[in-house]
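Engineer: Feature list, courtesy of TrEMBL:
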type	residues	note
TRANSMEM	34-56	transmembrane segment
TRANSMEM	243-265	transmembrane segment
TRANSMEM	272-291	transmembrane segment
TRANSMEM	328-349	transmembrane segment
TRANSMEM	370-391	transmembrane segment
TRANSMEM	469-495	transmembrane segment
TRANSMEM	516-538	transmembrane segment
TRANSMEM	578-601	transmembrane segment
TRANSMEM	613-637	transmembrane segment
TRANSMEM	653-676	transmembrane segment
Amino acid sequence: MAKDNEGEEKKYGEPAKFDPEFKGPIDNRSCTDILCCLLFIVFIAGFLAVGILAWVHGDPKLLLYPTDSQGNLCGNGAYANKPFLHFFNLLDCASFASVLNGCPTPQVCVETCPTEYWAYAIETTKMNLGQEPDWSKFICVEGVNVGSGAGLTAAQIEQYVKDEKCAAYTVSSKAYGGRCIPSLVETIGETLLDTGASAGNVALTDSSGNNITAGQISAGTAALALVLSAQEVVQEIFTDMVASWYLILGGLGASMVVSFIYIVIMRWIAGVMVWFTIFAVIVLNIFGIYYCYTQYVELENVQGSDLSISEVGFTTNISTYTKLRDTWLGIGIALSVILLIILLILIFLRNRIRIAIALIKESSRAVSNIMSTLLFPLIPWILQLILFAYWGAVALFLASSGQAQFEVQDYNTTNSSTPSNLTGQSCTPSTFDTSAVSSSVQCAFVKYGATSLYYQNLFYLQIFNLFGLFWVMNFIVALGQCTLAGAFASYYWAFTKPKDIPTFPLTASFGRSLRYHLGSLAFGSFIIAVVQIIRVMLEYIDHKLKDSENRAAKFLLKCLKCCFWCLEKLLKFLNKNAYIMIAIYGKNFCVSAKKAFFLIMRNILRVAAVNSVTVFLMFLGKLVVTGIVGTLSFYFFTGRITFAAEYVPNLKYYMVPIIVVVIGAYMVAACFFSVYNMAVDTLFLCFLEDLERNDGSPEKPYYMSKELMGILGKKNRKEGEKEKKGCCGCC
């Protein structure tokens, strides 16, 4: 048996040996993974260079302001007094592709959106009767002079409409996102006839003379309305946020206070919470088994209860299964198996659960002794916020890079005189020869882009920018973890706590991480970033294959997505432990990762117990903090706290600040408990190293707490005192 244990130890490396010079995180260290550090610096330079290129060539105004068919930005520059975009024929916009790629109909900038239903035939009828038409109703493209001094005839007006140089009709519209979108369906339905839309006594028709119905207008604007009408709701939500911002900040401050209190009292309540939960699960299992047994007995003589589940088959009526004895028998067996597993865990792993609880208590003491660790996450958080803002700005400038591109368009679908090889060809409005083509042919704006090398590789630059976000974001996380690990390791390896804790352990650890280990942190974060970018590509491929009928490809893709998700979780776990070893010993990433992995594998059962208990308590802590702050904010913003009702602002959606506070409270709690979780992981690895390095003798004393030594049956012996075998070694 001893040989087997020795073989297992050699399989996962040699246990740590006693080193009389080791007193915690090593100060005498050198730079690690220098090549990775240099590559990371080069990548950062490229990351910034892409941002500069995007800033030079991009123009976010192209995304913020709508563009008409002649490439003019509505509401900007010379068209500042015409901020809205009007569509001639809304029926061409009846798809989401039109929202993304632009409606294939003439579009012009206007001062105000139309507020009534109108058709050009109203004005031509007046002209035929010798009356003066209302020229202000006409909406035409730039360069078409329509007015009382133009001397136009009804026939000329009709030709302009057929060539789509003037709009055939208008409907009552509102501005959404700078676009003139018809009033919602209910307004149209009340104003227009069910069989045909009309303005006065004249039916609305398009440029080809076809009648326009209310249903067609509704269908033609549904996609645009769905995408753009949310602007009004967003504005109201923004108004509520502005009115209650100081109260939201107060809620986040309360979250910080509650999180801190919870972490401090964890040293007293951790054990109670864990054992109470285990006891409650056992009691619930016993009750469930008893209930299943009583139901099984009661159904003994009930007709049809002896049918098997396979005979009944699948049904959405759950009550059908509750009338079968096999259902209760299966549930009872499952609960019995779960109960047996829990009891076996308690019998054989009870000491490991006690070790996990003791480590959690010790972590609470560590955080209390190094209070600056609770504020340190603000630094990575601010860095991540700056990074995300930079990435978003670069992505925006890249998306808006390009010059206006124009193509020949024939808007008169009945015209066959335009050469087929001319339609769709690139053109320049200032030099386009209109005399060589039909009057309905125009040089129209299509999109922003160009043919240079930069514009041809915008997609790859966006991918590079996204990879930069992943790599730098993971690097910031790694820097935070390594810094905290160094601080908490300094706490553990202080023999007399808190007397022997070094001065400013967090600052010292941060300095060591920046000075010596940027390359190692960049290496570890690069691995995670590669996996994340692969996951993004798999999501992109999955989106492209969404309408595909190839089930094998879909199944393979889902398997790959699942595998890479698991791989990312595993690598993050291994990286965190590698950063702990880097913070303590100052070795490179690969050596530290190997050392951490072997240490974990030599103590796999303890790792499983500690991780399970820690995950449970961290999750419970987040729920407690979020629940307390969320409940208080709900009672406050709904005016149910009478003495504070006068301070509640008048809001359109009172749930908006509540939701923001709840989400913010969870994020604050996650930030605080990430520090706590890092303390547990660091102290745990130090504890395992302590067991391997030391034996409790005066020359090699344990650094662990007395509670941990008591659980293991160990103690630090005085000079001349012999060791007592108080533990079988199974702990």
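Backbone N, Cα and C atoms are what each Cβ position is placed from, and that goes for glycine too.
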Engineer: Are there 3 or more C-beta pairs under 8 Å linking the transmembrane segment (653-676) with the transmembrane segment (578-601), counting only pairs at least 6 apart in sequence?
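Structural biologist: Between the transmembrane segment (653-676) and the transmembrane segment (578-601), which are separate recorded stretches, there is no contact, as judged by 3 or more close Cβ pairs.
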Engineer: So are the transmembrane segment (328-349) and the transmembrane segment (370-391) touching or not, going by 3+ C-beta pairs under 8 A with a sequence gap of 6 or more?
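Structural biologist: Contact between the transmembrane segment (370-391) and the transmembrane segment (328-349): absent, because fewer than 3 Cβ pairs are under 8 Å.
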Engineer: Can we call the transmembrane segment (370-391) and the transmembrane segment (272-291) in contact, meaning three or more C-beta pairs below 8 angstroms at a sequence separation of 6+?
Structural biologist: no
Engineer: For the transmembrane segment (469-495), I need the partner stretch with the highest count of C-beta pairs below 8 angstroms, choosing only from 34-56, 272-291, 516-538, 653-676.
Structural biologist: 516-538
Engineer: Quickly jot the same-chain residues contacting the transmembrane segment (34-56) by Cβ under 8 Å, restricted to those at least six beyond its ends, or write none.
Structural biologist: 390, 393-394, 397-398, 401, 454, 461, 464-465, 468, 471-472, 475, 518-520, 522-523, 526, 589
